[in-house]
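Student: Here you go, one structure.
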Amino acid sequence: MSALAALSAGIPSPPISGFDLGPLPVRFYALAIILGVILGAMVTDRRYTARGGPEGATWDMVIIMVPIGIVGARIYHVISSPSAYFGENGDPVRALYIWEGGLGIWGGVAAGALAAWWMLRSRGLSFTRFADAAAPGLLIAQAVGRLGNYVNQELYGAETEVPWGLQIDAYPGVLFHPTFLYELLWNLAAAALLILLDRRFRIGGGRLFALYVVFYTAGRVWIEYLRIDDAEMVLGLRLNVWTSILLFTAGLIAYFLLGARERRRREQGQLDLEEAEDDAAGQGVADPDSAPETEPETPTAAPNPISKSETGGAVRETVDGEPESRSGPSEG
């Protein structure tokens, strides 16, 4: 078969969705999620360390965030698609069958973010710094995770005649929009754009994470329009379309409000060290996030009357955002 003929035949679906390793069933869906988590965590760890985060802190949090995020993602999926589990001919027990597919990204992001916030707060570290560092990594993880939908032959779009249409075993001779591929490419492009914008403008203070929400939901809206799987409908639109529209609006508002809040507080001299660094990032000060973020230490001796700024033991910012001293690696 020529290359042109193969292309016109569409994208074939994988013949299997997993294999058995002795008594242990291994599902490609799970492997796609694991690979996505690893790649996303690697990107996040590099960016977080470059922004001054403690080395290894990302991996410490991933161990807790991932299982909590998966539980949250499954709960969101079951709530947003209840008919398959609690409707007519539904099976509630299948709500536990995560390996069959069905994870709602916003449940995962919300649960994982809550876990990250709690862990960072307990260690005296900034949540917004970590969230900004994690934004591109989240998109990369989501992109790779969509390969799980491909191997499961699920969540595809409407029938199509485009040469890159997806073959589905249950419908021989018919091609469908490969929505998994559309979202994979969209997420990778959005991740690259976030990294480029951050390098150019040094966006901090939670604003880069807000842009992650904006970029992802913008793509999710049109991709949802193509999908034909069963979904809860609200006022003629899929529930996930409404969710994406609301989150897109919230992310856009949050981006501008966070920027205005930091500028106002900077002018009033009310920013603490972390906020001043992130605000300086948004104003284009060179390497604003390179100051190392360290966990608070318990004092073991009486306080020295000499201030830290006199000894050079701390990195501090002046009110107008210009650094007095600076240390730590810059982001590559």
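Cβ coordinates are placed from backbone N, Cα and C, and glycine is handled just like the others.
Any TrEMBL annotation is an automated prediction that lacks curation.
Annotations for this protein, taken from TrEMBL, read as follows:
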type	residues	note
REGION	268-332	region 'Disordered'
TRANSMEM	28-45	transmembrane segment
TRANSMEM	57-76	transmembrane segment
TRANSMEM	96-120	transmembrane segment
TRANSMEM	127-145	transmembrane segment
TRANSMEM	180-197	transmembrane segment
TRANSMEM	209-228	transmembrane segment
TRANSMEM	240-258	transmembrane segment
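Mind running through what each feature is packed against?
Tutor: Away from its own ends, the transmembrane segment (96-120) comes close to residues 25, 27, 29-30, 33, 60-61, 64-66, 68-81, 126-127, 130-131, 134, 138, 142, 145, 148-149, 152, 154-155, 240, 243, 247 of its chain (Cβ-Cβ under 8 Å, at least six residues beyond either end).
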Student: Using a Cβ cut-off under 8 Å, which residues of the same chain at least 6 positions beyond either end of the transmembrane segment (240-258) come close to it?
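Tutor: Contacts with the transmembrane segment (240-258): 80, 104, 106, 205-207, 210-214, 217-218, 220-221, 224-225, 231, 234.
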